[in-house]
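For reference, the structure discussed in these notes is given below.
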Protein chains: 2
Amino acid sequence: MECKKNAPIGVFDSGVGGLTVVREITRQLPEENIVYFGDTARVPYGSKSKENIIRFSEQIIRFLLTKEVKAIVIACNTASALALDAVRDEFDVPLLGVVVPGARAAVEATHNGKIGVIGTDATVHSHVYTKEIQKMKSDVTVQEKACPLFVPLVEEGFKDHAVTGEIIDHYLSSMRGSEIDTMILGCTHYPLLRSRIRTYMGDNIQIVNPAYETAMDLKKILKEQDMENPQTSQGHCEFYVSDAAEKFKSFANSVMPFDIESTRVIQIEEY
Amino acid sequence: MECKKNAPIGVFDSGVGGLTVVREITRQLPEENIVYFGDTARVPYGSKSKENIIRFSEQIIRFLLTKEVKAIVIACNTASALALDAVRDEFDVPLLGVVVPGARAAVEATHNGKIGVIGTDATVHSHVYTKEIQKMKSDVTVQEKACPLFVPLVEEGFKDHAVTGEIIDHYLSSMRGSEIDTMILGCTHYPLLRSRIRTYMGDNIQIVNPAYETAMDLKKILKEQDMENPQTSQGHCEFYVSDAAEKFKSFANSVMPFDIESTRVIQIEEY
């Protein structure tokens, strides 16, 4: 099994957002190798149907399996929400989403049992966070809000622009006026707006980034299954996308703590 | 050839934007039947590569040909800019983009020879409007500006929101301060922001919507090739998308002057 221990972790997302999860995995599991796939030809997922998100996820998992990954992290909240249950039994590899770890972290964090969740249209309309949270603790109330403009604002470099503050106000004013004490950033792009959201929501709200808990869960699964990479040197990351490799690379270099040397384009529809 | 005269016009776009072109065709050619395809599974095109936009366009044209269309209008500026030249010789059907008609209208409209073009990243970086305009009149100067947030703002219903004014200011302030007297709305979504852009730019700027000229060109081609539909009753429109038919339908019903009864989802990758 030595070979399998050295095998990479597969991580995928609709685009660049999942890099916030990769960032967390490389921090907590620096010795692991990673193969990342960003579906930049079909981004965004948040406005698309369950059927297509399942089909896209199956293609990507089949691609990652050609890289002999030992586990796969669905770093996209939308795909975790809409596809994980549907594809779990199809593939013989541990599959991990970001929703359950995020829900658990929020349940542990809340004092008053009132949690807010923000995400894409698809994630919010699936109510998957509410379902997972109430499975863990039935008396917690959950308020959900779709913030579909946050992704293009991040992707188009408006992170620090004044209008982003107004759009945050547009989406989050009702949540700020509510009694929630914990908020889940239910989209992998949103940690890139964390400080803006923090400033707007105030210091009394605990902000949960599911990426952190997901990396913790991954660590636990690898340990339980005795699949941790025994190497002590820094793991290697490979990046694949379905389109526009250069744009991805330049965005990735602004998010990741190390330089990304190359990104390869593949035809994901062929998998 | 009677059969061909009754055949529909194929119109396609990355999503809902092309409906502004359909609206114009049904106004100028009310007797023509239309088959529309919106690539809602892969929208937006504006941030994607030339290779993929050509591939997507080929699949869509093959699909439209199964509907025995007598002509095809590429209602998407990005696909017109990046794919039309590449696919023109591949298919035995008149293919018409929105760029050449838009460029011609602007050349005819300008008095001082200074034209502004706004569009997606892909359209602007292709410089196709500049090339076409300068082919028609070499001494015209063209200023181009990508406005990538306009599409999500329209799609997410922020058309009348205050932040849209600020984002218009962010993108267009340099153009407003320049000497242009004519501006091309080089993306099919932008006519939906026309009154906001008009208010911002002032009444001295002529705003060109390529949809109008494209419908005029289509009319001319049909006449020249003796392919006008001889029926005198209102033509029929069929709508196809690659995803999320309900969302498309509700958006379409807010744009079109008639109600859309049904929208069918097809697997465009199979064509």
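Each residue's number is its place along the chain shown, starting with 1.
From the backbone N, Cα and C atoms, a Cβ is placed for every residue, glycine too.
Predicted, not measured: the structure shown is a model, and the values here were computed from it.
Listed features, source TrEMBL:
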BINDING   B:Asp13, B:Ser14, B:Tyr45, B:Gly46, B:Asn77, B:Thr78, B:Thr188, B:His189  substrate binding site
ACT_SITE  B:Cys76  active site, proton donor/acceptor
ACT_SITE  B:Cys187  active site, proton donor/acceptor
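B:Ser14 (substrate binding site) sits 6 Å from B:Cys76 (active site, proton donor/acceptor), taking the Cα positions as reference.
B:Tyr45 (substrate binding site) sits 11 Å from B:Cys187 (active site, proton donor/acceptor), taking the CA atoms of both as reference points. Counting every protein chain shown, the number of other Cβ atoms lying within 10 Å of the Cβ of B:His189 (substrate binding site) is 29. Under the DSSP three-state reduction, B:Thr188 (substrate binding site) is assigned to coil, being neither helix nor strand.
Across the residues the record lists as binding substrate (B:Asp13, B:Ser14, B:Tyr45, B:Gly46, B:Asn77, B:Thr78, B:Thr188, B:His189), the two Cα atoms farthest apart are 12 Å from each other.
Highest Cβ count within 10 Å among the active-site residues B:Cys76, B:Cys187: B:Cys76. Between the CA atoms of B:Asn77 (substrate binding site) and B:Cys187 (active site, proton donor/acceptor) there is a gap of 5 Å, rounded to the nearest whole number. In sequence order, B:Gly15, B:Gly17, B:Gly18, B:Val43, B:Pro44, B:Cys76, B:Ala79, B:Thr120, B:Thr123, B:Val151, B:Cys187 are the same-chain residues whose CB sits within 8 A of the CB centroid of B:Asp13, B:Ser14, B:Tyr45, B:Gly46, B:Asn77, B:Thr78, B:Thr188, B:His189, the residues recorded for substrate being left out. Other C-beta atoms found within 10 angstroms of the C-beta of B:Ser14 (substrate binding site) number 30, with every protein chain shown included. The Cβ of B:Gly46 (substrate binding site) lies under 8 Å from the Cβ of B:Ser14, B:Thr78, B:Gly119, B:Thr120, B:Asp121, B:Ala122, B:Thr123, B:Pro148, B:Val151, B:Cys187, each of which sits 6+ residues away along the same chain. On its own chain, B:Thr188 (substrate binding site) has B:Asp13, B:Gly17, B:Gly18, B:Leu19, B:Thr20, B:Val21, B:Ala75, B:Cys76, B:Asn77, B:Val98, B:Ala211 as residues at least 6 apart in sequence with a Cβ closer than 8 Å to its own Cβ. Counting other CB atoms no more than 10 Å from each candidate's CB, the binding-site residues B:Asn77, B:Thr78 peak at B:Asn77. Classification of B:Cys76 (active site, proton donor/acceptor) by DSSP places it in coil, neither helical nor stranded.
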